[in-house]
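Everything below concerns the one structure shown next.
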Amino acid sequence: FIQDFSKAMSQAGTSQFQEVIRQELEYSMKVELDKILATAPSNELEHAKKDLEGFKKLFHRFLQEKGPSVDWGKIQRPPEDSIQPYEKIKARGLPDNIASVLNKLVVVKLNGGLGTSMGCKGPKSLIGVRNENTFLDLTVQQIEHLNKSYNTDVPLVLMNSFNTDDDTKKILQKYSHSRVKIYTFNQSRYPRINKETLLPIAKDVSYSGENTECWYPPGHGDIYASFYNSGLLDNLIAEGKEYIFVSNIDNLGATVDLYILNHLMNPPNGKRCEFVMEVTNKTRADVKGGTLTQYENKLRLVEIAQVPKAHVDEFKSVSKFKIFNTNNLWIALSAIKRLQEKNAIDMEIIVNPKTLDGGLNVIQLETAVGAAIKSFENSLGINVPRSRFLPVKTTSDLLLVMSNLYSLNAGSLTMSEKREFPTVPLVKLGSSFTKVQDYLRRFESIPDMLELDHLTVSGDVTFGKNVSLKGTVIIIANHGDRIDIPAGALLENKIVSGNLRILDH
């Protein structure tokens, strides 16, 4: 008994000690944030205040949480009817009055990201993807086509970050005559915190010049608060809009799907879903994607970062967790408003460690939009075809969407009918291709890839005009070597290595 008692006392002591430390950290953070807020010019004060209030709440929760946020033992497979096959949704067909259903929709694109991972400055949405068209051009073309075809008024809303807002707004002028109303709002701006002291590295509210590294946009889970705070949510509800379709602007497969929209507006059992997540079957390339599970009687998105280390391999298994989240989401506007007003949207915190250029280690606290699924009523997963997930994260992805594997029609990319298999080839371009400008310089024209299964390119390699790639092609130029694939070459199930210089005569 004595032993148990002293153990309980020491545990109580530890937790009391932790509580004291937590309160001290929270107090120090408040003092620092107040100092930062005091530097805000009067026209920015309200905005800065809202941002720092939101950050304070997130920081408070960060200090409360211990260890991985899911109890692995409670994770269950979702019930059969909670993830519907897309074929079943499509089989219901479309009503005659599809226009009236479309008029209740708003398309929201997550546009906070920069093109840095592809070596570009400025918003990622302004990178040219196909025939000089950018991600943003294709999005506007898709919605314009929809509005013209059905005589509707579906607006486009862009969630920008402080990194992308100015450049995006300049570009938007070119669409002023298009048949799409475009609105923007900004996600919050939160201070990065020093990993050692857990205090902000910013000394004032400015975020230009050397201060740009002090701030960050806190992930796309910030959409709920920012959309609500911007006033745009209320305006759209007042206009009679009922659902938003949210997706990443770099997912070229995320087009408006009329069958899913009809399922939302006219549910077969009469009970409307407040939240639909499009999921798709995992392949070996998708082992890290978040998956939908049943957890405490709710559908819940579990990301790899939340999984206890001992279970990571199990989480990655394609046989146990067959699907992953595409981040194409359909959400009821009235539900966002209700939950936001009750402060009832619960999303796990993602701790994202970064090392700044000067070598300082910082952390940024983020949330993910799909994690809120458990806060909504009557949520549903829909298992959609892989074609609805076509993200362009790297130049390897860019090569696929620029090639003849896809045809472009009214802003939408569809797999060419000439390709015998509906699967996408696996493409791995080496580090010489990472930056968009290097990548473009290395291809005189995009190869014919209709019959390609697998392409790996490593080292200093260039491609001439009208090259055809079929089957499995591996091209490796070792350090110091260079390989020029000649114009008109056909490579079928070939490995090319060594040196190959083609000199123009």
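Cβ atoms here come from the backbone N, Cα and C positions, even for glycine.
Just so you know, TrEMBL annotations are computer predictions that nobody has curated.
As given in TrEMBL:
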- Lys124, Gln187, Gly219, Asp250, Lys393: UTP binding site (BINDING)
- His220: substrate binding site (BINDING)
Name, in the order they occur in the sequence, the residues of the same chain whose CB lies under 8 A from the CB of Asp250 (UTP binding site) and which sit 6 or more residues away. Gly113, Lys124, Ser125, Phe135, Pro391, Val392, Lys393
If you pair up every Cα among Lys124, Gln187, Gly219, Asp250, Lys393, the residues annotated as binding UTP, what's the maximum separation in angstrom, rounded to an integer? 21
With Cβ-Cβ distance below 8 Å and at least 6 positions apart along the chain, what are the contacts of His220 (substrate binding site)? List them in sequence order. Leu110, Gly112, Met159, Gln187, Asn248, Asn327, Ala368, Val369
Give the sequence-ordered list of residues that share a chain with Gly219 (UTP binding site), lie 6 or more positions from it, and have CB atoms under 8 Å from its CB. Ile350, Asn352, Glu366, Thr367, Ala368
Candidates Lys124, Lys393: member of the binding-site residues with the richest Cβ shell (10 Å): Lys124
